[in-house]
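Novice: Below is the structure I would like to discuss, written out as structure tokens.
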Ligand code: DMJ
């Protein structure tokens with residue numbers, strides 16, 4: 001791997017000039033004496049004697065300087081305090097004392113340190129005030145998001161407790177995900193992160209008392225949806241409530257968490273996974289069937305016989321972590337076998353079709369995209385690699401996942417990235433007819449997971465600054481981070497271009513080959529109205545998380561404050577247009593008109609992902625640091641396990 005040399009320009013970054021500051025003559029002499037050969041060669045005279053001589057010379061100088069220039073020591077101290085640690089300048093005087101002073105004068109003062117991007121005032125007090133304001137502003141924003149979460153939960157609790165999802169307009173519940181109380185399990189770790197203990201208790205006790213009978217009695221569930229939302233939610237709740245190491249402090253929690261004993265979450269997770277395992281064991285290939293009947297412990301393929309590529313490749317974080325916790329390798333082995341099998345299949349520049357057959361074990365059809373049915377294949381390649389690369393303890397080598405990821409991203413750059421006209425938004429298109437077919441400029445909102453994944457892959461969850469300092473970023477990583485920022489902007493503009501400030505489910509982009517007139521987002525002040533095309537059928541918004549997920553990751557990694565502002569605007573648009581007075585939030589049928597017609601559904605991922613990522617975006621980066629935790633594709637954080645430090649999460653925090 002080519003590792004870029006770090007140049008002084010890189011290190012200088014935006015504001016840290018401390019290491020380039022010149023030293024005073026006094027410092028030069030004393031440091032030379034204390035650190036160089038002079039000291040070693042002068043063993044007989046001794047450092048003490050030399051320092052005493054220097055002190056006498058210094059005192060003589062101060063006396064002369066004080067008498068002739070009239071600068072009082074007191075005023076010098078005041079001046080020193082006023083500049084708060086910045087280099088000081090002695091007022092000009094006359095005569096011999098002046099020459100002496102010139103000789104001893106400290107170097108000219110460098111510009112004061114600015115906070116990143118020079119956004120604050122022009123001195124350190126102003127910078128500090130700005131920081132305080134920022135911290136305050138972030139706390140206010142986090143509170144608003146937590147209030148929104150409570151509003152969503154209250155609607156669900158009042159009208160749909162125990163159902164999978166809330167229908168907020170008709171004020172009732174619906175079991176769209178097999179009847180395991182999906183909103184409860186999906187929401188629990190968000191409530192933990194927000195420190196909403198009453199909700200933690202309500203959700204926790206439902207899982208303790210009611211989930212077992214649901215697992216015994218309920219029928220058909222989708223393997224992927226149940227794994228990412230329910231299994232992932234239970235495992236994350238186990239970890240965050242201190243199940244692994246008896247403390248909640250390891251991930252940055254500030255509050256004590258109530259609810260059942262964490263062991264309950266693990267028990268439920270294992271019961272569920274034991275039932276889901278049949279999807280792997282009854283398939284004739286390593287590719288699992290898509291549907292499971294929980295009470296019968298039987299599995300079958302989807303009606304068309306196919307599984308989605310993203311679905312079979314987005315189970316590994318959860319099953320592998322369960323193996324670590326339970327000590328039973330069967331879960332991780334079955335899930336990892338899928339990826340080992342996918343490694344052997346032919347691909348097109350690392351890109352894969354969106355369907356796969358559990359009967360043949362081969363991809364089906366030509367359709368290549370990073371939207372629905374393709375998305376989290378690419379996400380899990382890098383996340384599973386991050387999760388397992390340092391695990392040791394007989395764990396197999398997962399470097400093949402990083403290689404598959406790197407190849408796939410090269411394929412994305414070669415074949416799927418284009419710029420819109422006239423304004424040049426960088427977007428990710430599709431190849432509906434595979435490698436020989438033509439490029440189609442359609443981008444699902446789902447693709448907006450990609451900026452976050454690219455950034456994570458580029459720095460391994462560290463801040464960009466630290467990854468650069470540690471020489472971890474290759475030229476490709478730097479390119480990928482830049483691409484992440486470009487696509488992030490496009491995802492943000494998909495919100496900004498509409499009348500409501502909320503993105504449509506799907507956007508098309510104006511290119512040389514493609515244009516459809518009269519299908520604009522409606523926000524007359526957006527400069528991208530001509531670039532983004534929104535067809536009537538694509539104008540709905542399901543409260544999806546992908547854009548705010550990537551804003552969270554990019555803000556953690558680049559520390560660019562614009563991502564906070566973009567996230568805040570999106571949150572406010574959700575508040576204005578999707579909040580239902582009687583409780584909960586609703587999806588929308590059309591984001592381009594006011595008031596937007598509503599769709600009677602609050603998806604579980606609004607609580608599990610969207611509000612969680614917004615809350616974390618505005619918060620402290622030591623909470624769930626990205627080099628210590630990996631978020632599954634439903635935003636449930638799971639710890640990255642490293643050899644020898646599995647139970648020592650508390651000792652590690654992300655450097656800012
Ligand atoms: C979630 O269930 C997951 O993020 C999944 O990977 C994609 N779709 C939804 C959210 O949009």
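Cβ coordinates are placed from backbone N, Cα and C, and glycine is handled just like the others.
As the structure is a computational prediction, the values presented were derived from the model and not from experiment.
Dumping what TrEMBL says about this protein:
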- 225: active site, proton donor (ACT_SITE)
- 375: active site (ACT_SITE)
- 448-491: disulfide bond (DISULFID)
- 505: active site, proton donor (ACT_SITE)
- 546: active site (ACT_SITE)
- 633: Ca(2+) binding site (BINDING)
Novice: Any of the recorded positions 448, 491, 505, 633 with a C-beta atom under 6 A from ligand 1? Give them in order, or none.
Specialist: 633
Novice: Please report the distance from the Cα of residue 491 (disulfide bond) to the Cα of residue 505 (active site, proton donor), rounded to the nearest angstrom.
Specialist: 11
Novice: Taking only the Cα atoms, work out how far the residue listed as 'Ca(2+) binding site' lies from residue 225 (active site, proton donor), in Å, as a whole number.
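Specialist: Rounded to a whole number, the Cα-Cα distance is 10 Å.
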Novice: For a quick check of packing: other C-beta atoms within 10 Å of the C-beta of the residue listed as 'Ca(2+) binding site', how many?
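Specialist: I count 27 other Cβ atoms within 10 Å of it.
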Novice: Can you tell me how far the Cα of residue 546 (active site) sits from the Cα of residue 225 (active site, proton donor), in Å?
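Specialist: Cα of residue 546 (active site) to Cα of residue 225 (active site, proton donor) measures 16 Å after rounding.
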Novice: How many Å lie between the Cα of residue 225 (active site, proton donor) and the Cα of residue 375 (active site)?
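Specialist: Roughly 14 Å, rounded to the nearest whole number.
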Novice: Please work out the number of neighbouring Cβ atoms within 10 Å of the Cβ of residue 546 (active site), leaving out its own Cβ.
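Specialist: I get 25 for this one.
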Novice: Whole-number answer please: how many Å between the C-alpha atoms of residue 448 (disulfide bond) and residue 375 (active site)?
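Specialist: Each residue's Cα considered, residue 448 (disulfide bond) and residue 375 (active site) end up 9 Å apart.
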Novice: Can you tell me how far the Cα of residue 505 (active site, proton donor) sits from the Cα of residue 375 (active site), in Å?
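Specialist: Rounded to a whole number, the Cα-Cα distance is 14 Å.
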Novice: Other than its own, how many Cβ atoms are within 10 Å of the Cβ belonging to residue 225 (active site, proton donor)?
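Specialist: Looking across every protein chain shown, the total is 19.
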Novice: What is the Cβ neighbour count of residue 375 (active site) at a 10 Å cut-off, with all protein chains included?
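Specialist: Other Cβ atoms found within 10 Å: 25.
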Novice: Name the secondary structure element type, per DSSP in three states, that contains residue 546 (active site).
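Specialist: Residue 546 (active site) sits in a helix per DSSP.
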